[in-house]
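Heads up, the thing below is written out as structure tokens.
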2 protein chains.
Amino acid sequence: MEKLVVIKIGGNIIDDEAKLSAFLKDFAAIEGKKILVHGGGKLATKLAAQLGVEQQMIDGRRITDAETLKIVTMVYAGAINKNIVAQLQANKCNAIGLSGADGNVIKAHKRVHPTIDYGFVGDVDEVNTVLLKSLLEQNIAVVLAPITQDGNGQLLNTNADTIAQETAKALSSIYKVDLVYSFEKSGVLLDANDDSTVIKTINPASYKELKEKQLIFAGMIPKLDNAFTALNSGVTRVIIGKAEQLHHILNGNAGTTILHE
Amino acid sequence: MEKLVVIKIGGNIIDDEAKLSAFLKDFAAIEGKKILVHGGGKLATKLAAQLGVEQQMIDGRRITDAETLKIVTMVYAGAINKNIVAQLQANKCNAIGLSGADGNVIKAHKRVHPTIDYGFVGDVDEVNTVLLKSLLEQNIAVVLAPITQDGNGQLLNTNADTIAQETAKALSSIYKVDLVYSFEKSGVLLDANDDSTVIKTINPASYKELKEKQLIFAGMIPKLDNAFTALNSGVTRVIIGKAEQLHHILNGNAGTTILHE
């Protein structure tokens, strides 16, 4: 099987022009097939404030109302996605920017929750591997924006971590997939305040031990649980690390690599 | 050669939710390969006003400054493009929305003009038929937003009529291409105020005669000159007509068909 790298970057990279530009140069230099999934960053929040659209929160959860959906569609699928694509082209990396609606790449449904109405938030149902494979086989890097649709014309705001995970899982039937979550820290740390305490590898046995000894920061547990879910669905490696260290991460010289066994 | 339809719609359709929805239903129903090129409409101007970004005009020409470019990228490649794609999916037409930057589909350069600096406005250099063909062969309708890039990371605001024309021309080496310009009027009229005076067909000989007798509204002449340029570059038919009459237009029962001879 050929290799594929799926990399998710978040707001800490997207909001910093210099960091984003350096990251995209590194991403462009990766040989072989690759997918970049980007989150949103602060631009949408800033635009909402400028337009007087108030951010609605219920029980600490952000709600995507109709006005917010318009804003995130413009910012994520328009501004951020097209700027990333243009920068990749400038770095001689042919790239195509897609939302989940494009080519029906990611089908989703509006989130159903017993007590909270999240508004126009999507949960992923299915990733269309046929089109993604066709693009990757043409040596085009795919840049996914965290906007999906429900098949009935409704666009939905969707978590970028989930899109990265579902895309990696779906494509692991075709490729040997590495899933990389870029992160503010250098990886999973023994001491959350000390970047030098990166745990180099975690497998199910060591994960159990780390949890039992309470050596892992509680906030990391859902992320690691998701990583193991991805590994159990066919993804080869999940790596958590700093976007600034992309090449070292992919070589196994930085970040935390989570392995199936 | 297989048939391909390239259809351009403008602001009069995009700004009217009901008209757009009806048009997209008709577009979805077209059998065979198809490309939709959309313009901008009033949403970008409205957003610019809300954000306090002034529209710059020089000698009656609109200038795309950096702030305006950000807005048109969000609105054209984000809001409008993704809403069109989602609506086509709802009409069971698999569609993919692209800017010219995506997959390097349309390369352009910043307009060079002896006296006016148009700002970030692009003139088209080349259309990448390989990717477009690959998508069309997968029975995916392509929806093009009027944003291109220069290969050096710069996005550019680009005329949608030109994108439609250049795309139709480039693909006429592979397909038998009909290029349709949707228009507020029913076609090219003998009397600009009377929609019943549509000229059914125009060929080079009748065009010469119509011009000599000054039977054509002067504003139509650049459009018709462009149509003949497209025909001379391999496009089979150019049709100008009302978007509301799409099926009649494609059947030759409405609009003005411009023919090579």
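In case you wondered, yes, glycine gets a Cβ from its N, Cα and C as well.
What you see is a predicted model, and the numbers here were worked out from it, not measured in a lab.
As a whole-number mean, the pLDDT of the domain 'Aspartate/glutamate/uridylate kinase' (B:3-241) in this prediction is 94. Annotation source TrEMBL lists domain 'Aspartate/glutamate/uridylate kinase' at B:3-241.
Residues or ranges marked as site 'Transition state stabilizer' in TrEMBL: B:Lys8 (among others). For B:Lys8 (site 'Transition state stabilizer'), the count of additional Cβ atoms within 10 Å of its Cβ stands at 26 [all protein chains shown].
Summarising the annotation, TrEMBL assigns substrate binding site to B:Gly40, B:Gly41, B:Arg62, B:Asn157. Every protein chain shown contributes to the tally, and the Cβ of B:Arg62 (substrate binding site) ends up with 14 other Cβ atoms within 10 Å. B:Arg62 (substrate binding site) falls within a strand when secondary structure is assigned with DSSP.
The annotation site 'Transition state stabilizer' is assigned in TrEMBL to B:Lys223 (among others). Contacts of B:Lys223 (site 'Transition state stabilizer') defined by a Cβ separation under 8 A and a same-chain sequence distance of 6+ are given as B:Asp161, B:Tyr181, B:Ile240, in order along the sequence. B:Lys223 (site 'Transition state stabilizer') falls within a helical segment according to DSSP.
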Checklist entry - Quick one: which residues besides B:Gly40, B:Gly41, B:Arg62, B:Asn157 have a Cβ within 8 Å of the substrate site's Cβ centroid, in sequence order? => result B:Gly39, B:Ala44, B:Thr45, B:Val72, B:Tyr76, B:Pro146
Next on the checklist: Taking only same-chain residues 6+ apart in sequence, whose CB is under 8 Å from that of B:Gly40 (substrate binding site), what do you get?
Outcome noted: B:Gly11, B:Ile14, B:Val72, B:Val75, B:Tyr76, B:Ile80, B:Pro146, B:Ala160
Next on the checklist: For B:Asn157 (substrate binding site), which of the three DSSP-derived states applies: helix, strand, or coil?
Outcome noted: strand
Checklist entry - Secondary structure at B:Gly40 (substrate binding site) (DSSP, helix/strand/coil)? => result coil
Checklist entry - Roughly how many Å separate the Cα of B:Asn157 (substrate binding site) from that of B:Lys8 (site 'Transition state stabilizer'), to the nearest whole number? => result 16
Next on the checklist: Please report the Cα separation of B:Arg62 (substrate binding site) and B:Lys8 (site 'Transition state stabilizer') in Å, rounded to an integer.
Outcome noted: 21
Checklist entry - Once the DSSP letters are reduced so that anything not helix or strand counts as coil, what is B:Lys8 (site 'Transition state stabilizer')? => result strand
Checklist outcome for this item: If you count the other CB atoms within 10 A of the CB of B:Gly41 (substrate binding site), including all protein chains displayed, you should get 21
